[in-house]
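Copied from TrEMBL, the annotated features are:
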ACT_SITE  67  active site, proton acceptor
BINDING   195  heme b binding site
BINDING   196, 242, 245, 250  Ca(2+) 2 binding site
DISULFID  36-117  disulfide bond
DISULFID  123-318  disulfide bond
DISULFID  202-228  disulfide bond
SIGNAL    1-25  signal peptide
SITE      63  site 'Transition state stabilizer'
């Protein structure tokens, strides 16, 4: 006996939720072309004004992006403020030094976008695009950023420790963090090139400059000891990651490492560990190769653990879950 097919309207009702989910879940370079036509203009204006006023914004935003993405994907969970009931990611020890200017550029862009197209653009997409545009502004490579991410609803400081690379970690542990996220040793070295811009606080490397001077150029170590001599009384003291071209995105970071001009323990590890040293040498010799691999790794990191559709939300304010 033949089964009676379901009425056409029922088939449509069954299909609609699936179609809606698929359309919501699709990342696209032009995701906001109809829903927020001025998205690119607003982002560009906000980012340009902020970087001109505060030139450290680029490095700070790149670091903020990494701390958001590597933990559980680009979902803007690092932007969420703690409440009396929840200690959020940004209050984990490693995140306490994330710079305020990076949070500020995202907040400014979100405010402007909410006026133009309310409840449309996610904080996660803002962070991803701001990072790419700021890297490009300081001389780095342009790369594609697909859009349509949703903002995460969970942010817990307890999930951070051991899941973000620390400068004092052995290279094996850092490589393991990236391997667990399906990133190769070469991709990790390429992403480490982000240290070509920005600075680090003295407390992050103070023990090395006194106790592990073999990895440092002697004059560089002496200079660091002088620069950081008062860091315990003044925890804001810091030094540029790349002392040669600190505000330019280039490959001098890699050239510095064999000369003993790396700042952090993890920098020295890149140059001394046989698994990573050859990539340091490659990027030191060829800036175009570094730019190509950095761009590809950033595109990959930008979609790692991405939340789309109903797995996230469009936050009204970037520092609070709806």
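Note: Cβ is positioned from N, Cα and C throughout, glycine not excepted.
Here the features listed in TrEMBL are painted onto the structure.
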{"residue": "36", "record": "disulfide bond", "Cβ contacts under 8 Å, 6 or more apart": "113, 116, 117, 120, 121"}
{"residue": "63", "record": "site 'Transition state stabilizer'", "Cβ contacts under 8 Å, 6 or more apart": "98, 99, 102, 194, 198"}
{"residue": "195", "record": "heme b binding site", "Cβ contacts under 8 Å, 6 or more apart": "241, 242, 253, 263, 264, 267"}
{"residue": "196", "record": "Ca(2+) 2 binding site", "Cβ contacts under 8 Å, 6 or more apart": "241, 242, 245, 248, 249, 250, 251, 252, 253"}
{"residue": "202", "record": "disulfide bond", "Cβ contacts under 8 Å, 6 or more apart": "224, 227, 228, 231, 235, 237, 238, 239"}
{"residue": "318", "record": "disulfide bond", "Cβ contacts under 8 Å, 6 or more apart": "76, 79, 80, 106, 107, 110, 123, 126, 151"}
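A Cβ within 8 Å of the Cβ centre of 196, 242, 245, 250, the residues given for Ca(2+) 2, is found for these other residues of the same chain: 197, 244, 246, 248, 249, 251, 252, 253. For the disulfide-bonded residues 117, 123, 228, the largest tally of other C-beta atoms within 10 A is found at 123. Cβ-based neighbour count (10 Å, all protein chains) for residue 242 (Ca(2+) 2 binding site) stands at 26.
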